Amino acid sequence: MFKFTFALALCVLAAGSALAQHNPHWWGNRNTIVHLFEWQWEDIAEECENFLGPRGFAGVQVSPANENIVSPGRPWWERYQPISYKLITRSGDEEQFADMVRRCNDVGVRIYVDVLLNHMSADFYGQAVGTAGTEADPATKSFPGVPYTAEDFHPSCQIYDWNDRFQIQQCELVGLKDLDQSRDHVRTKLIEFLDHLIELGVAGFRVDAAKHMASEDLEFIYGSLSDLKTEHGFPHNARPFIFQEVIDHGGQEVTREEYNSLGAVTEFRFWQEIGNAFRGNNAFKWLQSWGTDWGFFSSGQAFTFVDNHDNQRDGGAVLTYKIPRQYKMATAFHLAYPYGISRVMSSFAFDDHDSAPPQNAQEQLISPEFDSDGACVNGWICEHRWRQIYNMVGFKNAVRDTPVTNWWDNGDSQIAFCRGSKGFIAINNNLYDLAETLQTCLPAGVYCDVISGDLIHGSCSGKSVTVGNDGRAFVSIGSNDFDGVLAIHVDAKL
């Protein structure tokens, strides 16, 4: 009986720990993460203080923080080829990283680190040197900066069959040296690395290439991590938030369901379907059932996005900053509809798949610069600073925990809906105007359309919407308007 009771207790503790790893530890009503892709730590700290905190962003996903290989031309993907776990990259050193985390936490913006637990660097022609000056020999699987030797890796093989579990989880993803996470030494080093980041105050991790690691190995690693630190504003016994990259479009051997009990999982079907709809290939009327009815994960397990740093370079159905009108519309719907753990992208401009982030002649990352409207101008795109996006972050905060009500559509691709009595949004993706009197569910008054303008000192710089005593308002979105969206909420009342 004692053995049974003890085993049952362990199972309950494990289940509770896994459930806790779905909690992103946001402040107040904040509930949107932004990926500041390839930004420097000092610039992120300033962005937290000057923009993200005041605008109500919940957190930042940052690029990998540990030492990576130095590759000719400095392509973005060098950050995904680890050399050691020293916290020195082109984004900054450990002191700068720690300062960023502290300053962002102080203004209610959590930090989530992109971490690479699956692999180390691929083969490199010539001497492989990292961003901290550490030398390695990937060809012989020698990484003295950790240290790892050949026995810490799976035998080299390539992935040819994406329905072969062995190949997916033990062969080398695009030549990257595949760590054996079942080995005690590898587990210890990975846990030490993650615990060090926790000690510095991070709130959690994006786990790159999670499907290429056995879920039981990840369960052990996650379960061995320290609690988040109370001195950084986290409650006692808080577990790090885990969101895992698991690419699963259906019908594959390794599935997302193997990982969702361990933490949130990237919902890749979300971006496919939202891209398909907002490119005009699916009528918006079907979006009324958005979420699990579309085959998506349950909302609390799904990490959602319109695009990410990988797929925006791959073409296809994905929407990116290069199609700005549809991209803003899709992002507005993403942030208005109550489904998933939302992340928005903040990119740099690129012409080809391997383009480096903005850098100077010495190959040092450069800081973003801003025009008089606050938009980035020197190679950084900064979608999170587009009015149509940052104001929808505010909308999402204002309507948090309210349901979709009073759905309206025209039988095609003009839609509108309320979020309880807190907010209202209308979207027009037809080639003709939307001009309707619709139920907004809001108290009577005049509201600022946060898509076309900002509410500044009681005045709206864009369109205003008058709501009558019955909650109804005339809504107009022309087919050729600059934006195909209108959004109002209780915090945007004049």
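Cβ from N, Cα, C; glycine included.
The disulfide bond recorded by Swiss-Prot for CYS441 reaches one of CYS376, CYS382, CYS418; that cysteine is CYS418. Per Swiss-Prot, Ca(2+) is bound by GLN169, ASP178, HIS212; the candidate from ASN118, ASN260, ASN276 named for the same site is ASN118. Of the residues proposed, ARG239, ARG269, ARG343, the one Swiss-Prot records at the same chloride site as ARG206, ASN308 is ARG343. All protein chains considered, the CB of ASP208 (active site, nucleophile) has 19 other CB atoms within 10 Å. Per-site Cβ counts within 10 Å over the recorded positions ASP178, ASP310 peak at ASP178. The Cβ of GLN21 (pyrrolidone carboxylic acid) has 23 other Cβ atoms within 10 Å, all protein chains considered. Checking the recorded positions (GLN21, ASN118, GLN169, ASP178) against ASP208 (active site, nucleophile) with a 10 Å Cα-Cα cut-off leaves ASN118.
Here GLN169 (Ca(2+) binding site) comes close to LYS211, HIS212, MET213, ALA214, VAL254: these same-chain residues lie at least six apart in sequence, with C-beta atoms under 8 angstroms from its C-beta. Shown in sequence order, LEU173, LEU176, ASP178, LEU179, ASP208, ALA209, ALA210, HIS212, MET213 are the residues of the chain, 6+ apart in sequence, with a C-beta less than 8 angstroms from the C-beta of ASN118 (Ca(2+) binding site). Separating the Cα atoms of GLN21 (pyrrolidone carboxylic acid) and ASP310 (site 'Transition state stabilizer') is a whole-number distance of 24 Å.
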